[in-house]
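Among the features that TrEMBL reports, transmembrane segment is placed at 18-37, 58-80, 86-105, 112-139, 145-164, 176-195, 243-267, 279-304, 310-326, 333-355, 367-389, 401-422. Residues annotated as domain 'Major facilitator superfamily (MFS) profile' in TrEMBL: 19-424. Annotation comment: TrEMBL describes 466-486 as region 'Disordered'.
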Amino acid sequence: MGANAGQWEGVDTPDGGWGWIVLLSCFVVTGFSYAFPKAVSVYFKELMRDFGVGYSDTAWISSILLAMLYGSGPVSSIMVNKFGCRPVMLFGGLLASAGMVAASFTTNIIQLYLTAGVLTGLGLALNFQPSLIMLGSYFDRRRPLANGLAAAGSPVFLATLSPLGQVLADYYGWRGGFLIMGGLLLNCCTCGAVMRPLEGKPVWGAVGKFTTQELEEMLSSKSKKQREQKNLLDFRVLNSKGLVIYMIAKFIMVLGLFVPPILLVNYAKDQGVPDHDAAFLLSIIGFIDIFARPTCGLVAGLPWVRPKNAYFFSLALLFNGLTNMCSANSSSYFGLVIYCIFFGLSYGMVGALQFEVLMGIVGKNDFSSALGLVLLLEAVGVLIGPPSAGRLVDAYQNYEFIFYMAGGELIAAGIVLSVASYCCLQRNKAKNTTTEGDKDMEADVPLTNGSSVYCNGDGARQENHSLKVPWKKEGMEENEKKVGRR
């Protein structure tokens, strides 16, 4: 069956139970997906020496990994809608592992791009997106907390894989390290195996409980229609003005978000910091991030914060951008440690909120298609950002400018999202004041709120039926009577 929750009548969101196992699996998959492209940077010095290449050439490895992770979103969405989450994740885990194993036998940088970059990146993409879809299927009321806990996998694995990669490089070289990393990626197959689809419950009709035969026939005809409609991406999600604004902000964001952590280790080594101490800087980011993401998820789930999560996300982007700009001239190890602390905090906030805001904009049923399109656009950004930064370093040996540039891009993304959210909120208020039937709907919502009410293409508020909208029963009955009289 397909992965999207809310497609069957009688299927309730558990908000617990087996969902905690799904959450643990999503934690592991998120850790590998986001931490792996940064953790491989500890091997860059060895790769530069063995292959005789520069910063920009090695930076392409991380960029291709991230680009495949994001750019394969539409492919992943189509495969999930056709085969379901579990088979796609099992295949993705095998592909990611095979890519790193093959990379350990490469003889030039181009072969590394194809194996460690394309194959491993595609495998991680086929794990990452289905895991998020399953997490959204199992959690509703506790979804902000679940997203925050799952996102914590990135810093945990970053704090672990970076020093582990340096140890493996010291003892076995980069080839042995890649081979062992490939074995570790087989754990993604285990995560895919536990992604159990939700099962439906008996449906009550107007006359009473349907018979088993009637229920099976109804679900069978319904599933056929849904399979026909969900084989390809649903581009109608782009009618949501909130989604378009979100995509623009995310594109600007990814131009600079991954540049500092990818170049940080090499920058520290160029400043004379020992190799193990330089690798530990990524661990510091990870340790801070571990606590930042769940804490941010808890805060985002508070009743008075959840309707304003778009503004909260904008604040996180501004915080991250200012951190990069204020720390651009740090050259001492102590200064780099302070930078990593604040970067880890702001980076954790961004990671905990980005998918919560997206799911709130489009709802559960459209999340697969929306996520695929968002990741595809982000793939273009990650292909531009890190390689361009690496080329500037090769040409001018000026890391300070790179940090300033990355910070400016994050600040710009935060400003775009916050201003657009405010404008959308004002348009919603103006629309609601002229619509008598909207009296019973929640107001004062930016791009989204906890009930998943969003801006459509005309700037009006629409209800997303995948989540509960707090209508009052009396108000609905009165409106129905008015319509009947008309």
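Heads up, the Cβ atoms here are built off N, Cα and C, so glycines get one too.
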Checklist entry - Taking contact to mean three or more C-beta pairs under 8 angstroms, with sequence separation of 6 or more, is the transmembrane segment (243-267) in contact with the transmembrane segment (176-195)? => result no
Checklist entry - Most CB pairs under 8 Å with the transmembrane segment (112-139): which of 145-164, 367-389, 401-422? => result 367-389
Checklist entry - In the same chain, who gets a Cβ under 8 Å from the transmembrane segment (401-422) while lying at least 6 residues past its ends? => result 245-246, 248-250, 252-253, 255-257, 259-260, 263, 310-311, 313-318, 320-328, 385, 389, 392-393, 446-447
Item to check | Considering the transmembrane segment (333-355), which listed stretch of 58-80, 145-164, 279-304, 310-326 counts the most C-beta pairs under 8 Å | outcome: 279-304
Item to check | Contact ranking winner - 18-37, 58-80, 176-195 against the transmembrane segment (145-164), Cβ under 8 Å | outcome: 18-37
Next on the checklist: Using a Cβ cut-off under 8 Å, which residues of the same chain at least 6 positions beyond either end of the transmembrane segment (279-304) come close to it?
Outcome noted: 35, 38-39, 41-42, 142-149, 151-152, 154-160, 162-163, 165-166, 261, 264-265, 268, 312, 316, 336-337, 340-341, 343-349, 351-353, 356, 450
Checklist entry - Given pairs 6 or more apart, does the transmembrane segment (176-195) have at least three Cβ pairs under 8 Å with the transmembrane segment (58-80)? => result no
